[in-house]
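In what follows, a single structure is set out as structure tokens and then discussed.
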């Protein structure tokens, strides 16, 4: 059995990941459109908002097109992680659409708001604030993510951030217009699909079939005026009162304690570092190679190349001694096995010492090199020579005992330090070092991004939610969700690497979404008692928040079936973010608000 690997394999397999995820786009769009339509269905054939739902999904799709077009036009590199973006934007764009529709339907129940202009004004004044807050926080989270040291993260954040901006513009313009057109169709009593006027014909009663198709019920009566959505009634009558019961509140507080305890324990167990197997997709030929390498040769680490980067006088004995001295220093590391080094210069010097060749001056040194290549042909690849110079050359050292990410980190630092102290210009290199470099900065980079982003969220919420108490709650929710996601990430076998780092930054944007809506309505509510405020907040926004959570999860759920680790990780973390975000928005925050 032969398993194989080339120096390009890692890169090629990594880039091949994107193609595997393309077919999943269509599934996502189908799922999201279906979900939007189902949640906008009504019994009456006039009040069916199917077109509204479709247009909401289309406007999210347009945002993806516009932002990708703009970014590619500006020459921002398209990296593998960017392939996650459309799934995300679809979920969030649809989210904003639900809030717009909910506000529009509420505006019809207010007194004195009958004409389209004042109703749309009312809708925008309510929904636009919520949508603006969430868009601003998401976009900020992404643009703060562009300050990172990882170019792939930067690309992802640029693409997604721009897409959110477009999504917002389209929702505020295109979608508002669609709402008005849809309203005109309702006013004219036209059927949702054919837009034909609906009504009982002058010749008396039509057949039951005609009525079912055109009026939506068998009796020839016109449909009733708009009523509340059954889910809003559920939140108002059952869900709200249930959670404002004092025993249930106690249980919620205990549950929250358990959640926090579990999360903090998870954070202490967090593993960093990427397993190189995860860069390829599941069926790739590199995975069996890595497995065999682990099984039979795990004692050996990477074979590190040591390059003498400038042309030095190899024929000068003191220079040769300096090089030998540096080599021995490198071999002195606890991670290097000195019996397995391979150096053309050592062999050449031994040849000269045994009298087989002469290397005492420049001309002879270069002229006699072919003798060395006769003995060890592969040394030809280690010397970069022109007519009368050796531009650069290299030798190899073999590392051992490199088992964990911590070892990799230490190995890298130790070899680089030793090479730097050498009097000859040296450089140590191995293709895997680019991944080891991640470990050196990943933790501080993640913490820095998360802290900066959370600070920015606080500022935004202070500016847009004119209530300091409310901002405190939003900040509390952000911190709580981040700790939760970071903790439970560990239980779900996700390491901290540049991929999960992106997701933690996104996480901040999303955790704001859910809690900001609910706490804003709670704080501005006109009810007298805290319990009633909580019930009102839940009845107004419980359903849109739930819809938003479900639609975002539907957007990314197909990634769970992806063949590449990158996309699966993205799904896992997004799922945790949405789950904990919705839990905070619908359970923890409303209950905690009633205490204070």
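Cβ atoms here come from the backbone N, Cα and C positions, even for glycine.
In TrEMBL, the transmembrane segment annotation falls on 50-79 of the listed ranges 50-79, 80-109. Per TrEMBL, the listed range annotated as transmembrane segment is 156-181 (candidates: 156-181, 182-207). Same-chain residues lying 6+ beyond the ends of the transmembrane segment (50-79) with a Cβ under 8 Å from its Cβ atoms: 29, 32-33, 36-37, 39-41, 85-86, 89-90, 92-94, 97-98, 100-101, 151-152, 155-156, 158-160, 162-167, 169-171, 174-175, 178-179, 182, 192-193. Mean pLDDT of the predicted structure over the domain 'SSD' (21-181): 85.
Residues 17, 20-21, 24, 27-28, 31-32, 35-36, 39, 80-81, 84, 87-88, 90-92, 94-95, 98-99, 102, 229, 231-232, 235, 277-283, 499, 510, 513-514, 517-518, 572, 574-575, 578-579, 581-582, 585-586 of the same chain, all 6+ positions outside the transmembrane segment (543-566), place their C-beta atoms under 8 angstroms from a C-beta of that stretch. Contact between the transmembrane segment (472-494) and the transmembrane segment (501-523) is supported by 3 or more Cβ pairs under 8 Å, counting only residues 6 or more apart in sequence. Remote same-chain partners of the transmembrane segment (501-523), defined as residues 6 or more beyond its termini with a Cβ less than 8 Å from a stretch Cβ, comprise 81, 88, 95, 99, 129-130, 133-134, 137-142, 144-145, 148, 150, 153, 156-157, 160, 442, 445-446, 449-450, 453-454, 457, 461, 465, 467, 469-470, 473-474, 477-478, 480-482, 485-486, 533-534, 536-538, 540-541, 544-545, 548-549, 552, 569-570, 573-574, 577-578, 580-582, 584-586, 589-590, 593.
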